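In what follows, a structure is listed as structure tokens, so that the remarks can point back to it.
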Amino acid sequence: MYLKSLTLKGFKSFASSTTLKLEPGICAVVGPNGSGKSNVVDALAWVMGEHSAKTLRGGKMEDVIFAGAGDRKPLGRAEVTLTIDNSDGALPIEYTEVSVTRRMFRDGASEYEINGAKARLMDIQELLSDSGIGREMHVIVGQGRLSQILESRPEERRAFIEEAAGVLKHRRRKEKAQRKLVSMQANLDRLHDLTDELHNQLGPLARQADAAQKASTVQATIRETKVQLAAHQVKTLSADLSDATSRAEMAAEQVEELQDALETHTATLTTTEEELRTALEQAEAAKHLWYRLSAVAEKNSATLRIAADRAQQHNDVSWSGPDPEQLLQRAEQAEEEQYELDEAVEMAAERLESIQEEVAEKEEAARLAEKEHFAQVRAIADRREGVVRLLASHESATQQLESVTAEAQRAAEAVEQLQEALDVAAEELADATDELKSVESNGAGLTERTERAEKEVADAEARAEDLRAAQLATERAIATAEATIAAWEERLRPSDGAAVAVRAAEDRRIGISALTAHVKATDGWSVALSAVLGEVAEAGLVLDSSDDSQADALLEALHNAAQGRAVVLQPRSTKAWRLDTAPVVGEWLLDHVECSEAAQGPINSLLVDVVAVETSADARRVVAEDPRLRAVTPAGQVFGAGWAASGHGGSTPVELAEKVAAEKRGVEKKKKQLSDQQAALDGALETASEMRTAAASARAADQEYKAGKRAAEQRVGATQKSYEAARNQLERAVTNRDQVEQRQADIAEQVEELADRVSRVDNEDHEQEPSTAGRDAAASQLQQVRAMEMEAKLALRSAQERSESASGKAESLRRQARHEQQARAQHAKAQAARQAARVMAQAVQEQASRVGQRIAEALERADDNRTVTEQSYKQWQATMSQQKDKVSALTAQLGRLTDSAHSAEVARAQAQVKIEQAVESALEQLGLTAEQLLAEQLPEDFAPEATRAELKKAEKSLKTLGKVNPLALEEFKALEERYNFLAQQLEDVEQARRDLQDVIHDVDDTILTLFTDAWRDVEAEFPKVFATLFPGGAGRLVLTDPDDMLTTGIEVEARPPGKKVKRLSLLSGGEKSLTALAMLVAIFRARPSPFYVMDEVEAALDDVNLRRLIALFEELRNDSQLIVITHQKPTMDVANVLYGVTMRGDGVTRVISQRMSPATSS
């Protein structure tokens, strides 16, 4: 068995499909670093089931898919196919060639195939495990794997031997059996719990089944007695229902007759209510009209006041500024003066210029004379020193002159540019200044207008506050009056006896009202009326005059209640009557009393014999003349034949009733006054709102003016700064230009001087001794003209100062004249606006006066209309009250009849409900209908009481049995069957558990045998291999726990030749690699595998150790296939096939192969 081929598609750097045709023996994979050699090792490990990304040198499993390089895009999947030659049948599968494929997608999905058929990872691992290849992959020795072997724990080293011995397959079987055993234990525990629970339930359920059998007999007896009692009850209730139905039908006929009468009166009441609603609408409309007119009147009054104020405020304002014509004349005079001064300056400048020209000529002559003298002296010196140095100085000065000339030109251009910028800044400054003055002239008067508007707002708000205070005072007065009315009405509430009468009337639906609501004294006779009536003043008046039994019923209720005394008046339909004889003094008290129609009869009976007199003497006289009469004074003194009465405790009910009525009238007036105040307040608030709006507009305009002024001032400041900056830059530029020009002149003079010196050196006939006479004469003439120049400069400075002081005066006066003309135009415009506003205000004032008169007339008419409509509403209200009293009486009578009918109907319904309940109960409990119960034949000697006693006895017997489960028999049988089934299942699970434990024991024995045999062979081979790699050295493998061969680890002891150390950590890197290789080769010898993969395992070895390792490779080649990743030429020499791995700039690995004739190592 050997690896026949390896195909890679999209795996790591193998972007294209690449196939390595492998041969038996040693296959060497060579290539430069980073070309993808180790990716071949990773592909072998991955296709054989490796699932650790770290082992594959990645961070996650998706890293094995080609990620793209250069122009190549990333791929979506990686696929590796390994073909194995199975001619010797090493793999337990009936194929001579086996292909294992693993495929992975970027979404994480994986696929496995064996010879093209879908398979699982476990299938592949079990297929390869019989050939000594497991998940530890000991046959693949990758980079860094040698150090991991030595640094791993002893238990981890054991896994290499187990994998080579084929133990991993059995260990997986053991782990699978242990997992099944753990899950089976949970099921076993559950079965134990279920069987125990069912066993505990069987005993009580058996007892319940016995009780159910006994209860069935008693329940049959109970049903028979219940059927007889139910039939008897239904028959009895049917007779009661027939009787109740007859009584209910009779009562319903009586109610129907009274309802017809009530409908007639109700229709009349409805008509009255419609009339009352119409009157109310008219009254509300009149009130609303008056309310609106009041608000309009208040608003018109405010408009009148504002118009008057504005007419006074918009008076003419005279202008106090200077005359523009005078300013223009002064400007012309200033221009003339400026012209004269400019002429004087010009003449002084011309004279100075003439003198300066003369000075320049004299200076030039003196300079030339001095120069000539100096040149003569210097020429003598130059001839002595030579001309070479002089020519060099002349050339250097000429170059400096050219440079300075260019610099002077640039400085002049900069001055011109800055002068243009200064002119632009001056224009902007002038524009900003003019704009500021224009804003200031346009904003004149805005502040005054704002202050005037705010004053108008304050006046309007003060007016509104005054009206609000008056309204609040009126509301407080109304609240005080209503509190007083409530207190008086509380005193008018009926006494205990009267309260009993009222409650009795309500219970009996009898209309009753207090007498004080129907009686009123006039002309100040309230005290007298109260004194005469006495306790009758607190009487209750029965409103229905047609039924005398109502008053009797109330009196009977008072008597039965025994809770006080009360007087009940029964109205009479008889007309009022008087005594035939008139009193000798005074008038009948009835002439001073007003009462309603209902109270007229009782009041007439009570006061028919009472005479109203002014004094007590008159009262005695009346009584003396006719002893049948009584007399009363306004103070409440009552006289009769042989008796007199006077005094009372506080106000009487009649007085209180009159006070309440008077106070209510006062409240109505105050409410009317409050309504007037509300209308005025609304008008004032609306006016204040308009004033606030106008003030806000004025403030906004003023703020806009101030903001514009600030912006203009800021612009003036900014342009002023720009102008100053431009002027400073220009001054600096001019200074720089002057300095450059001066330097240019100096260098030009120097050049000219050097040229002259050169020419003089060439002139051999020059005087040897220079003369000073010409120089002295020129200096004397120069001194004279300089004195004249100083005088001319002084004269010019004086003229310039006078001209500068007068300069700009004319333009300033003209600018002032223009501004004055604009201001006068603005003032004239404002004056015209004020004149128009004054005319408008006067027109508004006149119009408001006329409108005010018309509003007053309309308000007076609206007030009259409001009074008329309110009186009409009150009249209809009184009519409706009378009709309501009639309807209430009929309603009370109807209520009593309705109650009777309702009682009869309730009795019928109760009988119906009882029989329905009895039938429903019989249907639910016994399953019998009403017809079946009525058809039930009762025994002739049926006795309900005896039957009920028999029923109670049977129910008691059933109760003695306790709670009976009627399904106990069926439940007991089902539970017993389930218990037997679970018991059998429990036995089966216990047997399966024992079988699994036997399997685990057998697997342990197999593992122990396989590992022990393999360990002994590896233990024997390791010293031999170690001695081959380390001649003269010693090494061995030691078990950490020899007593427990199933879990023991393996320690490695190594002592290279010439060293006494045994600790692996003290070995060198090469020694560690050889030690790890010795252990692996020992395993390979003890349990050979079909192939081995070595990835640069000899990288750390020197030439001698490499030769020793190659000797082992040649030994292993006899039985196994070796795939070696290497950079060592000796290793390549012994290879049967060379595979060259390359990678170009596109990042894709390519492979070429070459068969070799392997050399024999010495």
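Heads up, the Cβ atoms here are built off N, Cα and C, so glycines get one too.
Curation does not apply to TrEMBL; its annotations are automatic.
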Per TrEMBL, the range holding region 'Disordered', considering 431-457, 647-673, 755-781: 755-781
Chain-mates of Pro32, Asn33, Gly34, Ser35, Gly36, Lys37, Ser38, Asn39 with C-beta within 8 Å of site centroid, ATP: Ser13, Gly31, Val1141, Met1143, Thr1149
For Gly36 (ATP binding site), the number of other Cβ atoms found within 10 Å of its own Cβ: 25
Distant-in-sequence neighbours of the coiled coil (972-1006), which means Cβ under 8 A and at least six residues beyond its ends: 170-171, 173-174, 177-178, 180-181, 184-185, 187-188, 191-192, 194-195, 198-199, 201-202, 205-206, 208-209, 1046
Summary of DSSP states over the compositional bias 'Basic and acidic residues' (794-804), given as helix, strand and coil counts: 11 helix, 0 strand, 0 coil
Least buried by Cβ count (within 10 Å) of the binding-site residues Asn33, Ser38, Asn39: Asn33
Ser35 (ATP binding site), number of other Cβ atoms within 10 Å: 19
Chain-internal residues near Pro32 (ATP binding site), provided their CB is under 8 angstroms and they sit 6+ positions away: Thr1142, Met1143
Fewest-neighbour residue among binding-site residues, criterion Cβ within 10 Å, set Gly34, Lys37: Gly34
